[in-house]
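Encoded as structure tokens, the structure appears first; notes follow it.
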Amino acid sequence: MDNPLVSLTDTVDGAVDYRGRPVLRSNTGGWRSSYFIIGVEVAERFAYYGISANLITYLTGPLGQSTATAAENVNVWSGTASLLPLLGAFLADSFLGRYRTIVVASLIYVLGLGLLTVSAMLPSLSTPDYIDANKIMLRSTCQLQVILFFLSLYIVAVGQGGHKPCVQAFGADQFDGLDPEECKAKSSFFNWWYFGICGGAAVTNLVTCYIQENLSWGLGFGIPCILMIAALGVFLLGTRTYRYSVKGDEESPFLRIGRVFVAAVKNWRTNPLPIIIEEEAHATLPHHSSEQFKTYRYSVKEDEKSPFVRIGRVFVAAVKNWQRTTPLAIIIEEEAHATLPHHNSEQFKFLNKALLFPDGSKEEGNVCSVSDIEEAKTVLRLVPIWVTSLAYAVVHSQITTFFTKQGATMDRTIFPAIEIPAASLQSFVGLSIILVIPIYDRIFVPIARAFTRKPSGITMLQRIGIGMLFSAIGIVVAALVEMKRLKTAEEYGLVDMPDVTIPMSAWWLLPQYVLSGIADVFTVVGLQEFFYDQVPIELRSVGLALYISIFGVGSFLSSFLVSVIEEVFGRDGKNSWFADNLNRAHLDYFYWLLAGLSAAALAPYVYFAKFYIYNRKSKT
């Protein structure tokens, strides 16, 4: 007979199996489940980079777009694909759950990849024999090809929007944060997660890009489609081993946070009345935090509403109480010693007004709780980090656009008669990550831990900042290499011969790719862990979507910069910084501009990171 005490201690709180039964730590979750989840993400990244890595080449080649237009289209698509995870996370956290969202998103992904394959197999404008045979039919076919191509491209973006925020959060859910061993494994999970997806990206950059340029674009898009179907099957095989987070009948955390801000604004100039917090408020804040709220009252039980609604209500109440300026306090019992440190409540005090009734009465109503306000403050604290990370994302978006166009003009011969595609140079980013992550995880972290006595060696924000520094150095190196490339083209009289390969090895680009990879190990992985760890538990899919949205907005900002620069410097027939003939363009100027933006963003980031207060002491 099983020992009931052993079974009790082995049970994972807040999680069930696929049948809704309590799960045991010994036979569910952990690395045994994570392998299935990492596998499907590796396939998804293989598919995504199989498209994005060489997209600018396809747009400027078979579809005949200019360099600037193609770069803008790549950035807009990439930005859209990176912002849609916010919608996917909302659907997952509010309605479908992460597992179902992953399955549905994967099916949409497969549909998009299938249509993309079909579009690439249609007759192209670049087929001379077909042009001579029937020009009228060709024009109609090419229009259909372009429409179908972009339609399928954005279907893939929709699939990625549901897939991306949920898979990683679902993988992290397989580790119990209350168990010391699994908590340590979770931190390592983020490193090896990124190791796996970069492995998939590196392989597709080497294999798929070569197939696309040397064999067939249709085959190059079809292989990721087949792999995605196989990965979905593997993911479904792990269904019995997964841990599924319990979702109660709760109000949306978006509404909860929003209500706090609205209530704080509405109560901004209203004098508060002394009221007593109900006994139900004894589960969230530590004892010392209560010194700020001794005369406030809330009337909604915390376990009755979802985190989206609770946090939204805090913002609503804060807006309503915007004019209430007299500081008061409330009494919280000694039992409330659980989650947030005292100093958290010292920030954003205007949100405390969300605790007040708009009319000053003591009647029960939709008044925000103390925990609602603290959740809202937690989300608000993320904003400066999110904003100051955008410059990093703008630089990051150049890897799949202008870095690739740079390489296309250079000597890419690695063996006699073997020339690698320019997009395959991106594999050095993934290979750098694959090499650096084990060094970081097995060597750097233990050494740093010995000095800092922190489980992760350095804090998440320190890790992100170090990566930003590497990124700034990388774009400076890219500018210097581009200056060298332009000088070489001039020396050999190739300025007006854009189709002739410049006698300069593409290996000159290796440092900027490697530095980008090292930067990703620090910043990208750090952002993933930071936005997963620092949001309320019920918003973790949203947290990862916020991290992804940094790169979405960064891509849009990059597209905006390209458009503005093209308009300013490319008017009246002048050669712009992004001229189709890159030998007369000035990508070096653009890179120097990005280096300046990176430096300008790093300074405020360091300031905000220095004064950021983590909502879990273990991460400080």
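Cβ coordinates come from backbone N, Cα and C, glycine included.
The feature transmembrane segment is assigned by TrEMBL to 103-124, 136-156, 192-211, 217-237, 379-400, 420-440, 461-481, 513-532, 544-569, 589-609.
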Fill in the blank from the handout: For the transmembrane segment (461-481), the candidate among 217-237, 379-400, 420-440, 513-532 having the most Cβ pairs under 8 Å is 513-532
Problem - Close approaches to the transmembrane segment (379-400) from elsewhere in its chain (Cβ under 8 angstroms; 6 or more beyond its ends) - result: 52-53, 55-56, 74-75, 78, 257, 311, 347-348, 351, 423, 426, 429, 461, 464, 467-468, 471-472, 474-475, 478, 513, 516, 519-520, 523, 527, 530-531, 534-536, 539, 546, 549-551, 553-555, 557-558, 561, 591, 594, 597-598, 600-602, 604-605, 608-609, 612-613
Handout entry: Residues from the same chain, set at least six apart from the ends of the transmembrane segment (513-532), whose C-beta lies under 8 A from its own
Key = 168-169, 172, 187, 190-191, 193-194, 198, 382, 385, 389, 392, 396, 399, 403, 425-426, 428-433, 436-437, 440, 460-461, 463-464, 466-468, 470-471, 473-474, 477, 540, 543-544, 546-547, 550
